[in-house]
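Enquirer: Annotation comment: Swiss-Prot describes E250, E316, E340, H345 as divalent metal cation 1 binding site, evidence class similarity to another entry. The annotation divalent metal cation 2 binding site is assigned in Swiss-Prot to E316, E340, H378, D380.
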Amino acid sequence: MNRWEKELDKYAELAVKVGVNIQPGQTLFVNAPLEAAPLVRKIAKTAYETGAKHVYFEWNDEALTYIKFHHAPEEAFSEYPMLRARAMEELAEQGAAFLSIHAPNPDLLKDVDPKRIATANKTAAQALANYRSAIMADRNCWSLISVPTPAWAQKVFGDLRDEEAIDKLWEAIFRITRIDQDDPIAAWREHNDRLARIVDYLNNKQYKQLVYEAPGPIFTVELVDGHVWHGGAATSQSGVRFNPNIPTEEVFTMPHKDGVNGTVRNTKPLNYNGNVIDGFTLTFKDGQVVDFSAEQGYETLKHLLDTDDGARRLGEVALVPHQSPVSLSNLIFYNTLFDENAACHLALGKAYPTNIENGASLSKEELDRRGVNDSLVHVDFMIGSADLNIDGVTKDGKREPIFRSGNWAFELA
């Protein structure tokens, strides 16, 4: 019997009932690495018991990904199986829920030409644009969770043997996702309620700008008019509540694509498609990255920024307290799902249309006029620390504290 059998049962239940919140008669689509097979079986069983009509799954294998990037001809990375793209669109149109299980090897493609990776990413993003638009507009319930793999566990706990490292990573995941509590679903209900109170507070404020102060120059982010803060649970267009990310500690909203100025430096490594980018700075002027540097992964960062015009602009600003459970673990996960919930972060690329009033019903032209960024990519990177202060600027120019020393500057009942 698996050492984590009880916890895996609870994790599967959390993914099905809180993550995607499967509804009677609904289809669930699961994308997962081969290493997640025991958990996927539990998820399928729980989904059917909860009323799912179908559970479809798609396996991925990093060894095959590695082989392709090293041996496939160049033209292979400019092609995408449109049969899969159409299948994803059809599932979305039919109201399916989508669960992705993410277990990255941060160094998988470190010796691959970054141009190959950039071409493959852009090709996939173009082919899956309609599906991703549906997901980012919350037309469907979707969720992202993670499971340990030997490569990932070794990156986080490099001083331990594989089995010990995997056990330590499972322990961290179960603690951070509240699986270690007696009733994880109730714990998540309480957590979502707390995040909702913060969201309500910030939505009522409707700050026109955020001012970031940490060691270094001031960094400013203008927010779009009619911006909407979100955090914790989301609501699909059919009215079903779901949690897109497990874990999540953030509240986030939409910057104006032309209203970002100053220089920011990352505070945690960014794992981007099998490569680590670290020690990097981005300098913005009138919303656009006009200069950048990186101590590690410079070419990968360059190709990311060159994806399209929107890749050099921000699509998301997110606030996460330094005292979050992920941060308090004192671990660097090299997995954005976890690391973004340890620190305030920004996202290059496409904005979530739900972060502006009536955004899901606006045309691309209307969204552009209102300052909403569009891109083939959406990549979060972490800038928060214990030294970070953030003020909100009201419409009449008054500055009010939001963060002090990396944590919330206000108390809510």
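Cβ atoms are placed via backbone N, Cα and C, with glycine included.
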Enquirer: Might you list, by sequence position, any residue in that chain lying six or more from E250 (divalent metal cation 1 binding site) with a Cβ less than 8 Å away from its Cβ?
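Expert: Counting only residues 6 or more apart in sequence, the Cβ neighbours of E250 (divalent metal cation 1 binding site) under 8 Å are G231, A318, L319, V320, E340, N341, H345.
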Enquirer: For the binding-site residues listed here (E316, E340, D380), tell me which residue's CB has the most neighbouring CB atoms inside 10 Å.
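Expert: Per the Cβ count within 10 Å, the most buried is E340.
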Enquirer: Which residues, same chain and not among E316, E340, H378, D380, have a CB within 8 angstroms of the centroid of the CB atoms at the recorded divalent metal cation 2 site?
Expert: F252, G315, A318, T336, H345, L346, A347, V379, F381
Enquirer: If you count other Cβ atoms within 10 Å of each one's Cβ, which of the binding-site residues H345, H378 has the most?
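Expert: When each Cβ's neighbours within 10 Å are tallied, H345 leads.
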Enquirer: Tell me the Cα distance separating E316 (divalent metal cation 1 binding site) from D380 (divalent metal cation 2 binding site), rounded to the nearest angstrom.
Expert: 8
Enquirer: According to DSSP, does E250 (divalent metal cation 1 binding site) sit in a helix, a strand, or coil?
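Expert: Once the DSSP labels are grouped into three classes, E250 (divalent metal cation 1 binding site) ends up as coil.
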Enquirer: Using the CB centroid of E250, E316, E340, H345 as the divalent metal cation 1 site centre, which other residues of the same chain sit with their CB within 8 A?
Expert: F252, V317, A318, V320, N341, C344, L346, A347, D380, M382
